[in-house]
Amino acid sequence: MARISNAIGINPPIVIAVVGATGTGKSELSLALAEQIGGEIINADSMQFYRGMDIGTAKLTLAERRGIPHHLLDTLEIAEEASVARYQEQAREAIEDIQSRGLHPILVGGSGLYLRAALDVLEFPGTDPQLRRRLESELADSDIAKFRDRLRLVDSISEKRIGDEKRLVRALEVYELTGRPFSSFMPQREYVQPTFQIGLNGDRAGLHERLARRVHSMVEAGLPEEVAGLALRGLSDGKTASRALGYLQFLRTMSEPDYSRGQAAEDTIIATRQFARRQITWFTADPRVQWLDYASPELPALAKEMLSRF
């Protein structure tokens, strides 16, 4: 179907986000919407930033994109670390560019904080490597309980939320740099500009079965071979990429002879289901998301109808 600019009569074009758990069909719905209402797609899956991580992230091939431009795919090498702040800048640039051509930007993905960074009012405090090194040294010479007491005096909210040393140091770094609690920089549920979020959810048991089939399909499509090739390019050194679902598990098969591909696949299924539950918790906590059943045969039409009432 040919894309028609502003086909739902909203002017200027609004930002649309298709959100939800992995495996719910977000990519297919975003393609249908882009074709029907006139849009281009912006990736909001942090693991699809990585070049070469294709099968295990369910990244659409060029043919599967059906001629619709996709932004912010393949932006990082596997050893690079993803940055929410950098993504915010890139996503907002892409949004502005798409809207300037009379089309709707359609963000699609399940990386909740990245989506919030693109859509909502969210500040990122600066960093000071020298200050961070000093704080890390102080922590090494002290103990975490004393550091927690120190943070509690200036930011009790963050102290209660933070469970690891890295974020504890970061919270104190931000306070010393800005004089503001780290918790004051947390995202507010306030859109930067008019936005409509469509969430996909539905039968949990059905989703679990779908995720299992998806992992087995990825293995059959060559996920183990993809991981082996990326290992030669330094996948194990990538702090973010090496933790991706499927990639973490199949990397183990290369270093642990007793850890089989079959076990890696089963562990990937378990980890993917756990991740999906966390995504559902994240997105259902946002009252602005308008939900649809991912299994509905009328999904594109229902989504378009919702948008027409915006």
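Cβ from N, Cα, C; glycine included.
Check Swiss-Prot against the ranges 9-12, 45-48, 101-104, 233-236 and you find region 'Interaction with substrate tRNA' recorded for 45-48.
With a cut-off of 8 Å between Cβ atoms, the residues of this chain six or more beyond the region 'Interaction with substrate tRNA' (45-48) that come close are 56-57, 59, 73-74, 82, 87, 108-111, 114, 240-241, 244-245. Neighbouring residues of the recorded substrate site, listed in sequence order and excluding T22, G23, T24, G25, K26, S27, comprise G20, A21, E28, A58, G110, L200, Y294 (Cβ within 8 Å of the Cβ centroid). Cβ neighbour counts within 10 Å, taken over all protein chains shown, single out G20 as the most crowded of the binding-site residues G20, G23, G25. Taking every protein chain shown into account, K26, R132 are the recorded positions, and of these the Cβ with the most other Cβ atoms within 10 Å belongs to K26. Each of G110, L200, Y294 belongs to the same chain as G20, A21, T22, G23, T24, G25, K26, S27, is absent from that list, and has a C-beta within 8 angstroms of the C-beta centroid marking the ATP site. A21 (ATP binding site) falls within neither a helix nor a strand when secondary structure is assigned with DSSP, and so counts as coil. Secondary structure at S111 (site 'Interaction with substrate tRNA'), taken from DSSP and collapsed to helix, strand or coil, is coil.
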